[in-house]
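S.K.: Structure provided below as structure tokens; questions to follow.
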Amino acid sequence: MATHKLLLLAGDGIGPEVMAEVKRVAQWLEQAGLASFAIEEDLVGGCAYDAHGVAISEAAMVRAKGADAILLGAVGGPKWADVPYEARPEAGLLRLRKDLQLFANLRPAICYPALADASSLKREVVEGLDLLIVRELTGGVYFGEPKTITDLGNGQKRAIDTQVYDTYEIERIAAVAFELARTRRNKVTSAEKHNVMRSGVLWKQVVTDLHARAYKDVELEHALADSLAMQLVRWPKQYDVIVTDNLFGDILSDLAAMATGSLGMLPSASLGAVDPATGKRAALYEPVHGSAPDIAGKGIANPIAMIGSLAMALRYSFNEGAVADRIEQAIAGVLASGKRTGDIAAPGMETIGTEAMGKAIIAELDAATA
Ligand code: NAD
Ligand code: IPM
Ligand code: MN
């Protein structure tokens, strides 16, 4: 069995708490003979700043480039509110995404049947929901230049962020969306704001052209991003794959998370291009949620998004879809048995902590294997 080089970057806040449960699941997979990992750990975010004065060290970047897959917990928190902009915790994550060219961010929003009542939306609106947001992750306003604050000298300052997209960036993310749609319900919704933004005009044109050239068998619809936000709350089940830019994808995926019950439920995969020479691609897996400073240190965070991110690593980096399925079935089983962390519990329901949820998932894996 191949040994997979995994780099764990637990980060800040609840990051280390949920990462501890991923280690538990990884250990179980090894003991069950289902996977073999060579695990390294390093710092990213505020903890890296505290240790090295930067949000990610050069040594950690070297490790990241050498790993088969990276698992990241979360970065950020109020402790680092005043550190220099270049060294803020989030800069470590953004550098990983940019330097490893992780342009394709897959954010599945699946409503587990047992959680249909945990969503703030009505049961009939979310029950059976299974959509995939494909977010462009290395371009757009996150990285466009200029990106500055200047003093205008009259008591005013001017802040500039720049939205930039080239044809190839739109084309490659749209291709990922079309390819994935073919494995699902064969429909892609592309979201931009061509009514306001030049980048939206180019986005829509490039997606339309690529569709006509190579993906006519896939249903394509276009949506304005603001209207899509409304539709996601009204009737999210109309969507299969949504492809959109870096910023809209960030916002829409938090929105979609609530349809699944909690931000604590959403895993993600950030993928680079496949290297034709090796057949491999850089990949980082992380929950969609952040470091949750309001609950950090209390042992009550939901580890399911983080454990689901390990499942995505098995599926997308290690070609172990069946093992990923087992983890996801164990999660579904635990939820069906009524076990809940606070974020997914209905009022009055008994709740369990992070560690107990990790252990419950292990017990479910055990039961399914016996
Ligand atoms: P957040 O996602 O950390 O928290 C939003 C809300 O969701 C909070 O009430 C939190 O308690 C809850 N929540 C999040 N994850 C949860 C979990 N696993 N279990 C239970 N409840 C959970 O967003 P925020 O508060 O806006 O951001 C906090 C910090 O995290 C910021 O510094 C932000 O930049 C950073 N952040 C990091 C990442 C990342 O590392 N990928 C992602 C988003 C935000
Ligand atoms: C996310 C986060 C990040 C983003 C931050 C922490 C840089 O919100 O992964 O969704 O904005 O992309
Ligand atoms: Mn976000």
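Quick reminder: no glycine exception, Cβ is built from N, Cα and C everywhere.
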S.K.: According to TrEMBL, R97, R135, D226 bind substrate; so which of R88, R107, R234 is the extra one listed there?
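M.R.: So, going by the record in TrEMBL, that would be R107.
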S.K.: For the domain 'Isopropylmalate dehydrogenase-like' (5-361), what is the mean per-residue pLDDT, to the nearest integer?
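M.R.: Value for the domain 'Isopropylmalate dehydrogenase-like' (5-361), mean pLDDT as a whole number: 97.
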S.K.: Just how spread out is the substrate site if you go by the largest Cα to Cα distance in Å among R97, R107, R135, D226?
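M.R.: About 26 Å separates the two most distant Cα atoms.
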S.K.: Report, in whole Å, the straight Cα-to-Cα distance of D254 (Mg(2+) binding site) from A292 (NAD(+) binding site).
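M.R.: Cα-Cα distance, A292 (NAD(+) binding site) to D254 (Mg(2+) binding site): 14 Å.
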S.K.: Which recorded positions from the list Y142, K193, D250, A292 come close to ligand 1, meaning a Cβ under 6 Å from one of its atoms?
M.R.: A292
